[in-house]
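In what follows, a structure is listed as structure tokens, so that the remarks can point back to it.
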Amino acid sequence: MARPLIADIDLDALRHNYRLARDLAPHSQALAVLKADAYGHGAVACAHALLDLAPAFAVACIEEAEVLRRAGIDKPIVLLEGIFEATELERVDALGLWVTVHSHWQVDALLSFRPQRPIPTWVKVDSGMHRLGFPVVQLSAVWQRLSAASERVGDLHLMSHFATADTLDDAYFRRQLALLDELAATLGAPTCLANSPATLAWPQAHGAWNRPGVMLYGSDPLQGANDASRRLEPVMTLRSEIIAVRDVEAGEPVGYGGRWTAPRRSRIGVVAAGYGDGYDRHAADGTPVLVDGRRTAIAGKVSMDMLTVDLTDLPDADIGSQVTLWGQGPGEERLSVDEVARHCDTISYTLLTGVLPRVPRRYHGGAS
Ligand SMILES: *Cc1c(COP(=O)(O)O)cnc(C)c1O
């Protein structure tokens, strides 16, 4: 029997979540963010599954765009951080990509390059995230330079990123949005501002385009779900099986360092999944796991290839029982990757992008 650990990818759920992002913002176009191999789900498969729905895709770098082009994805692809060196513009032009510009050197490179056709360009302004983008006071001058070069630069959009869209009713978010509204009005610019939390919770931030990422994969980025985010469906189910069972006496430790000690005579199940697969080693005792669709919890430190769960209250569980580490259980029960992340002191993004190549992806659905 093969090692039972598998990442099941439900492409129908991906399509459902994409439609939700689109329907929440009926006056916007939704760019499907496929960076980091579609947050660990497989960018090529996800792009194909969204091809008839999404007007464009977004990735972090040209190498990720090339993977999609080689797989026959011919929709527009936005490079969210633009080029990393000027020589990339040849490939941008040849592949028909759209670029972001966030720094003066990128603008200079773009304006001294002769493309076959004008390159659609998203101008990133730093409205408060203080990571990438031009300072607000420089934006008009940059915008003028680019709009004066229409033989080299195609459609211009104003782009920015929110630092706190996940915290509902947040003053800092409102300050960023007010700045951006004023800037967009002054320039008469179409905007692309909203990430997943802003797509889900801040209709005021919806622009010509939105950039939903993690919500497409079924994770709720909001601090406190809303009606929209409760409709998200998990796309990845990380599943495995119990490969061994043992009884331990009260007081006996389990696993490295004996972090967990049996509070009573206990039944321990060993699951084929560990940090060598990308399951987070920071998972605390008590991190939820489904066994045959019923909730139980991690007991003991995660090892490289295995982890241990408490089966004491699940007497029917045995070798071969199905284990759901996150996603859709075999019955009705679900275990959200967001809940698992909280027990690992992290966020769903790191768990999903962290599933390593050793874990086979198995695709379901997705036919249009
Ligand atoms: C990753 C990314 C997104 C998507 O963010 P989510 O929180 O996953 O929706 C949007 N915009 C930019 C610039 C990004 O880098």
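Keep in mind that glycine also has a Cβ here, set from the backbone N, Cα and C atoms.
Under the heading active site, proton acceptor, TrEMBL lists K35, Y256. What TrEMBL lists as substrate binding site is R131, M304. The domain 'Alanine racemase C-terminal' annotation in TrEMBL covers 235-364. If you look up TrEMBL, you'll see K35 marked as N6-(pyridoxal phosphate)lysine.
Confidence in the domain 'Alanine racemase C-terminal' (235-364), given as mean pLDDT, stands at 98. Mapped onto DSSP helix, strand and coil, the domain 'Alanine racemase C-terminal' (235-364) counts 19 helix, 49 strand, 62 coil.
For the recorded positions given as K35, R131, the lowest number of other CB atoms within 10 Å of the residue's CB is seen at R131. For M304 (substrate binding site), the count of additional Cβ atoms within 10 Å of its Cβ stands at 11 [all protein chains shown]. Put simply, M304 (substrate binding site) is 26 Å from K35 (active site, proton acceptor) when counted between their Cα atoms. The Cβ neighbour count for Y256 (active site, proton acceptor), using a 10 Å radius and every protein chain shown, is 11.
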